[in-house]
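Peer 1: The structure follows.
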Amino acid sequence: MGRASRSAVLRRALLLLLLLLLLRTTTTRALGPRISVPLGSEERLIRKFEAENISNYTALLLSQDGKTLYVGAREALFALNSNLSFLPGGEYQELLWSADADRKQQCSFKGKDPKRDCQNYIKILLPLNSSHLLTCGTAAFSPLCAYIHIASFTLAQDEAGNVILEDGKGRCPFDPNFKSTALVVDGELYTGTVSSFQGNDPAISRSQSSRPTKTESSLNWLQDPAFVASAYVPESLGSPIGDDDKIYFFFSETGQEFEFFENTIVSRVARVCKGDEGGERVLQQRWTSFLKAQLLCSRPDDGFPFNVLQDVFTLNPNPQDWRKTLFYGVFTSQWHRGTTEGSAICVFTMNDVQKAFDGLYKKVNRETQQWYTETHQVPTPRPGACITNSARERKINSSLQLPDRVLNFLKDHFLMDGQVRSRLLLLQPRARYQRVAVHRVPGLHSTYDVLFLGTGDGRLHKAVTLSSRVHIIEELQIFPQGQPVQNLLLDSHGGLLYASSHSGVVQVPVANCSLYPTCGDCLLARDPYCAWTGSACRLASLYQPDLASRPWTQDIEGASVKELCKNSSYKARFLVPGKPCKQVQIQPNTVNTLACPLLSNLATRLWVHNGAPVNASASCRVLPTGDLLLVGSQQGLGVFQCWSIEEGFQQLVASYCPEVMEEGVMDQKNQRDGTPVIINTSRVSAPAGGRASWGADKSYWNEFLVMCTLFVFAMVLLFLFFLYRHRDGMKLFLKQGECASVHPKTRPIVLPPETRPLNGVGPPSTPLDHRGYQALSDSSPGPRVFTESEKRPLSIQDSFVEVSPVCPRPRVRLGSEIRDSVV
């Protein structure tokens, strides 16, 4: 293959790469929200609480009556009134709890950052009973736990007046950056965290109890886990087999059963029985019911896995019917690092979870660390199961009475072979979700699950699950950019959502139906909280069929606006009541813009001039932003209307009647009528009616940047390929240039002494050539034969050697001859 053919192949390959990259950039689309509300907008009521010199608001707890919100931050706790504390100047209770000086000093000595790490970060804030709260903090890498008296909101003290403090090891993480989970069940604390300073001793434990229990560290039941959530499911209610209540833990860990070139992260669900007391001889004070299974969340088309679990919300609408419990999980993928990291929302049913735990086991070979499916007979009672009626029939009423063979089997069979499969609800390529809260909302005709999703850049997405997809209702910027949503807490009875971040806590109403002024907007929002009354959009929960003058309208699944909004009168949101259009006064030969702000991101604009669609001309043009660019002239005036089109429904957004007025007339009219609406952006240098390029219907700026980047990349590749193909010639060229650049040096003249050779033969009659060594070459007359006496210098001074610092072969003078030496 010649050089020309190779260059042609390279060009074709580069063109193919360019085409693939362009196709990739144009086909990747994200599922976006219908409405976007920026930070500080008046369209959405968002109240924020922040205390001076306090940061890292991580722990949230709502009282049973919903009137008090307890907040845990860095070295401080707060009791907020849900109605007053979020108002400017509202009152609240504050409890300072900082790590003492000794702990901070020891933390600093151990190599931790004194300002960042050696503080007390509140990680646990839970109700212990009707009078006290349980709280735990990192306490400068030496975790502590304390009790808060609810009535006075102070730390509980003993009879001597000292604050009651307990060691938080095994209950609270040492590092504030470590993820952990905790919950209280019947006064007992169940936690999933690390119990060592180095963070290499993870454990699922039970404390605050007369029967402390934990996982066995020596058996490697947990592999570097990151706990995200835990849940209590009362499975004993209505159980025909007499089952026990269970506590579920959700986390991500290293999957030892997979053999890849890198550590594979796996999402897990683990469970323990509430009545587990450990074994009598084997697994003493260790869980005898610990089992774990893999949570599988992947794309249905190609099976791409989302294997990193970020958060789980347990939805149990009816505690009496725990079988309908749903687990909503937020997942990301470890293979999205370095690019825009996407997220996936998957839902797991209680039936799928139980099916995995009732299936086959995996067994690990301790010598080879190989995992395989256990196909041999399983001992009875079933290892890892709670004490049921079948066990009680065998006189086994407690885990302390379990046979040793059952517990020994559990040591190596704690991982289930089956996976907990899910249903993918939402795939979001352009947002990283971190927290989730779910509210089951009763609509006018059905019940819907509304998801509140917190992102890593301070946004909140509100979405509703439909029969075939998930519709993102709105997007709220609740925190500044760069501040992730650290926690979400839903007050379903009060209709409020609380979110926390590094800078504070915000209170967001779950719905704002007044944001939708027309019947079309109200129905197209697909918000289960809202319904159209015939004249306004109101909360659907306020609907009383007996008192309403007409039935309210709501269509979450279909949003059939054309049929349901026929009899509803609507008006443009920017029209003055009683006038067909908005009067706009412009000056001659000026460039003016007519705004058309759409409420929905999913709608498109249609500009109409005197009943006909606007076409690009010298006098008007639609900008990429959707606004209309208008040149002030007497030609082409009339009525300009902007229509919003969404899912086939068209409604008027704005209507303008521009009027060109001379400056003198305009000044007189201003003095007489007040201040009219004048839209003037800039003057044009072209004459009135002349053609000028004011913009384009579509902007290709992003495509232009992509093409420029790819062109530069292709040129760099071609240049590197050229250098590679001619590397030998370049080396020779550089070598010759370096040798030629060396300046000749003046060689000292050495006069040999006038002595005769020992053999008595006189010197040759041919005159000696005294040219310098750089003037000699190998093309000179052939070498002459020297005698042994001539080869040997007459004296040490007769020999002269000089080596060039660049050229590798030195020149050597032997007697009267100068030659290249071979080194």
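Cβ coordinates are placed from backbone N, Cα and C, and glycine is handled just like the others.
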Peer 1: Which one of Ser142, Ser804 shows up in Swiss-Prot with the note phosphoserine?
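Peer 2: My reading of Swiss-Prot gives Ser804.
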Peer 1: For Cys513, which disulfide partner does Swiss-Prot record out of Cys530, Cys565, Cys581?
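Peer 2: Looking through Cys530, Cys565, Cys581, the record in Swiss-Prot gives Cys530 as the partner of Cys513.
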Peer 1: According to the record in Swiss-Prot, which candidate from Cys297, Cys386 pairs with Cys346 in a disulphide?
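Peer 2: Between Cys346 and one of Cys297, Cys386, Swiss-Prot records a disulfide, namely with Cys297.
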Peer 1: Going by the disulfide annotation in Swiss-Prot, which one of Cys145, Cys386 is bonded to Cys273?
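Peer 2: Among Cys145, Cys386, the cysteine that Swiss-Prot links to Cys273 by a disulfide bond is Cys386.
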Peer 1: When you check Swiss-Prot, which of Cys118, Cys136 turns out to share a disulphide bond with Cys107?
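Peer 2: Answer per the record: Cys118.
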Peer 1: Which candidate, Cys136, Cys172, does Swiss-Prot give as the disulfide partner of Cys145?
Peer 2: Cys136
Peer 1: Along the domain 'Sema' (34-510), what average pLDDT does this model show?
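Peer 2: Taking every residue of the domain 'Sema' (34-510) together, the mean pLDDT is 94.
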Peer 1: Taking DSSP states H, G and I as helix and E and B as strand, how many residues of the domain 'Ig-like C2-type' (589-649) are helix, strand and coil?
Peer 2: 0 helix, 28 strand, 33 coil
Peer 1: Give the residue counts of the domain 'PSI' (512-582) per reduced DSSP state, in the order helix, strand, coil.
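Peer 2: The counts are 16 helix, 8 strand, 47 coil.
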